[in-house]
């Protein structure tokens with residue numbers, strides 16, 4: 001029962017993580033204009049992974065997509081790639097996890113196959129969570145670097161100082177989503193251990209004796225069971241086969257023959 005609960009909870013947490021990654025990737029508020037020095041402004045700018053937007057004080061918002069790929073920074077394109085890879089792996093992991101749930105029976109699927117599928121989906125969720133966290137962290141590092149460079153130029157009195165951008169809400173959504181996907185993947189990996197059958201987990205060898213009188217010898221000798229059909233196998237030292245008479249019967253020596 002605990003294995004099923006862990007598996008279902010891992011699936012739900014991973015589902016929230018993948019959904020959050022999709023939401024964060026589609027949001028336009030990855031970076032927002034810093035209004036610390038200018039709280040009252042007629043124009044507010046914010047940017048996302050796919051377009052930049054400008055909102056005026058009247059409430060009118062205009063968004064412009066990025067029409068070029070080559071003109072964007074390399075780190076910006078890397079963030080895009082990481083988020084897309086994380087989303088694709090997360091969706092594939094969800095599809096595999098649905099068929100791996102213990103509460104769902106599909107034909108005559110064995111528990112070993114479900115355990116392997118659960119482990120596969122868990123690994124996919126872990127990689128998807130790491131991709132989301134890495135992508136958001138790289139973008140945040142870019143914002144921090146540009147922010148301090150703009151601040152330095154501002155204090156040095158340079159002209160044509162660009163607007164400073166700070167963290168947007170999409171970054172926090174991406175961090176939380178990546179963490180949820182990572183936790184869900186770990187829970188799926190833990191549930192995989194409970195799905196493995198006991199007989200395949202411990203390989204025990206049983207030895208059945210064929211008889212009670214079993215003699216074990218070392219060296220090149222063979223093991224005898226004590227119940228051989230051939231009377232010659234029971235011969236030992238000091239015993240000789242009795243001679244046969246003319247009519248075919250065996251004659252055994254009497255006690256007077258030893259006198």
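From the backbone N, Cα and C atoms, a Cβ is placed for every residue, glycine too.
Automatic, uncurated: that is what TrEMBL annotation is.
Per TrEMBL, these features apply:
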COMPBIAS  229-250  compositional bias 'Basic and acidic residues'
REGION    217-259  region 'Disordered'
SIGNAL    1-20  signal peptide
TRANSMEM  81-101  transmembrane segment
TRANSMEM  122-149  transmembrane segment
TRANSMEM  169-192  transmembrane segment
Fill in the blank from the handout: Per the Cβ filter (under 8 Å) with a sequence gap of at least 6 from its ends, the signal peptide (1-20) is approached by 87, 90-91, 93-94, 97-98, 100-103, 118, 121-122, 125, 128-129, 132, 173-174, 176-188, 190-191, 194-195
Practice task
Take the transmembrane segment (122-149) and find every residue of the same chain, 6 or more past its ends, with a Cβ under 8 Å from one of its Cβ atoms.
Solution key: 10, 14, 17-18, 21, 24, 30-31, 34, 73, 75-76, 78-80, 82-83, 85-87, 89-90, 92-93, 96-97, 164-167, 171, 174-175, 177-189, 191-192
